[in-house]
Amino acid sequence: MNFGLSLIFLVLILKGVQCEVKWVESGGGSVKPGGSLKLSCEASGFTFSNYGMSWVRQTPEKRLEWVASISGGVSYTYYPDSVKGRFTISRDNAKNNLYLQMNSLTSEDTALYYCAR
């Protein structure tokens, strides 16, 4: 029996920010438990490096969960216990890119993933 995870990646702009955001799906839409995926979000229309950025997700039950945050500038990172040690948020200010590396994926990680400012 295949216990693959169905992961869908979306990008959400919060606070009425006027910018274009591209989303990139990486690694396909289905991953086996224990697998890895990297999400990427490219932003424009604001000074990316000045803002903290986050990843959030919406579960199949429609719950919103915070996944990770990274500060602007020095880039401090923050995670809930549910993903700490498995997920890594990072940013490339020169390219206006936000990333989420997800390792050791489980069925609990099945969700819609959103990039947010």
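Counting starts with 1 at the first residue shown.
Keep in mind that glycine also has a Cβ here, set from the backbone N, Cα and C atoms.
Listed in Swiss-Prot:
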DISULFID  Cys41-Cys115  disulfide bond
REGION    20-49  region 'Framework-1'
REGION    50-54  region 'Complementarity-determining-1'
REGION    55-68  region 'Framework-2'
REGION    69-85  region 'Complementarity-determining-2'
REGION    86-117  region 'Framework-3'
SIGNAL    1-19  signal peptide
Mean predicted confidence [pLDDT] for the region 'Complementarity-determining-2' (69-85): 94
How many helix, strand and coil residues does the region 'Complementarity-determining-2' (69-85) contain under DSSP? 0 helix, 4 strand, 13 coil
Intrachain residues whose Cβ lies under 8 Å of the region 'Complementarity-determining-2' (69-85), provided they are six or more past its termini: 49-55, 91, 98, 102, 108-109
Do you know the DSSP helix, strand and coil residue counts for the region 'Framework-3' (86-117)? 3 helix, 17 strand, 12 coil
Students should find that the Cβ of Cys41 (disulfide bond) has, within 10 Å, a number of other Cβ atoms equal to 25
